[in-house]
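Below is one structure, written out as structure tokens; comments come after it.
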């Protein structure tokens, strides 16, 4: 941690990711859209003063407001721009030399009641070098002129944002004969003079003129592509304009993926309460631990003075009390949540933008595939989708999704479409797993429901409090939670049809199919009736859970994207369990699932279907159109994978313990990545060790996986305490939880009121 303002880093340092993506040192740069730029600059006046290079920057800046603008103004004259819809004025003033004329114009803004521009961008030097043939006298005069202008700029900087743009290097080989005297050596001398004078002057001033030096770094990489050796190519000046927009607008617009120039957000009331709670938990646990330690010392075996032999303690170490376990869990959780906050809310660690390359995605995929195959073991049972196999499936899918997120592969449509299938496969397993449990066990008790809801939602609720994010922000957990409740309601509503009842009378199977058809009809209706869907989830208290940015559109989009796959999972479970009950499939160790002929035919069809889907997904050209087809066709590749994985007896009898280990903590991995592996709410990458990308990923990944594993343990321990099996105790706990959420809602309302 170097300290200082991230604005300074944005204005002075960075590097290129690839050819066109600029990465500032230590922070993330937001790519402003036209609408965002207008909202930021509404009722604002910006002025660009200088030569043709500043004019280039002026045009790139106004194109962020209106992309239709053409560079048709007078080359050696003033150029006005106005956007009347947002009351934005941006002017270019032609002052190619730092002289008395420029000083007089700047001075006019410091006198009397003249309206001062909100943004002032100044820079010039190449004309002075050119006109005076690079003489030392011209440099001396340049220093005198900047010295006289500096106090005026500092006076303006009290109320306005003032930027001095340093001169970019030139590509000397391409310069025309009348510009040959403009050398990089001369430019460096002029820049050095400007920086020294502005910095020395600002020491005695309350305000500071910001030196825009990052343009030099960008020019060094791109000036070779210049048309004349003097002016930057369009992509480079667009980058400079975007940097300027980030410097000014990030503190106003507060974009999630624009961490540069953003102050640390103040602690909310709920965050302060959470901090106090975790602090008290840590103190409480330490006190209890000290008491137990002292008791243990008193009861410790002592040496028999007569025989010199050690006696065993008369009293055994007492079992850990519920209170101690509770405090222990909250103590660990408090330390972990502090790490979460420091990583993604405090300005302690650096953040960087993602940048996709094929190698950054496919090489790690190949690496984990080799590791997964290396850790192959025999399964305890050889049933279709047995526990080890589903854990393995979740594990490798989660690792692929993590690599997809950190590499920024969402920009590559074929990868995006395949990842959509993996998300759908998770939901397929939700339908398959919960249907199988309720169908076989027939357990529709409150305990089961509370256990599942607690395990799914505990971490997300804590993060909503600590990280000040809405529940819908962690979209996957609301998705699986709602689908679990839909599965439960479908099977628990009268008449309750379970396997035991259906075995006595085959007609019950038709009753269950009728229930599934009703469910499918409801899903179909809601998917094509956005209004009805939004009305259902806009009612309080559902609106508090499913609104994001003031509406439930994001929730509708997420739900609609995989609307049929849970139903497909339930239907697959029903058909599989029916075939298993009638002994129509063979699940012995090493045996194919069906007869050899049927198995070979199904295996061939599955491989062809799997590859056909991949070819279709890889040939996708339009994300919107492919997303429309995805809910109906994703099940093809999912079923194909299940059959390929389970038809051959040997393949069904082994699993990867490496992938299965990750599968057991897949939910925690998916949620934790938001803040302690990625950064800026998944928009960027957390940088613990700057300058060493590979080493940084290794260290941050190790911590991230350990934290996810620890949170999984904490959730399991707390689930036993918070959700007991005894119904009367469970009812009391549920009342306490209801009180907790009521208090949370009350403090949230107070928080919202204070914000408004």
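Backbone N, Cα and C atoms are what each Cβ position is placed from, and that goes for glycine too.
Remember, TrEMBL labels are computer predictions, not curated facts.
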Kindly point out the range from 422-442, 506-526, 527-547 that TrEMBL annotates with transmembrane segment. 506-526
Looking at 355-375, 628-648, which stretch does TrEMBL describe as transmembrane segment? 355-375
Are there 3 or more C-beta pairs under 8 Å linking the transmembrane segment (325-343) with the transmembrane segment (452-468), counting only pairs at least 6 apart in sequence? yes
Grab the same-chain neighbours of the transmembrane segment (269-291) for me: Cβ-Cβ under 8 Å, and only residues 6 or more beyond its ends, written as numbers and ranges. 323-324, 327-328, 330-331, 333-335, 337-338, 465-466, 468, 744, 747-748, 750-751, 754
Have the transmembrane segment (325-343) and the transmembrane segment (730-750) got at least three CB pairs under 8 Å, pairs 6 or more apart in sequence? no
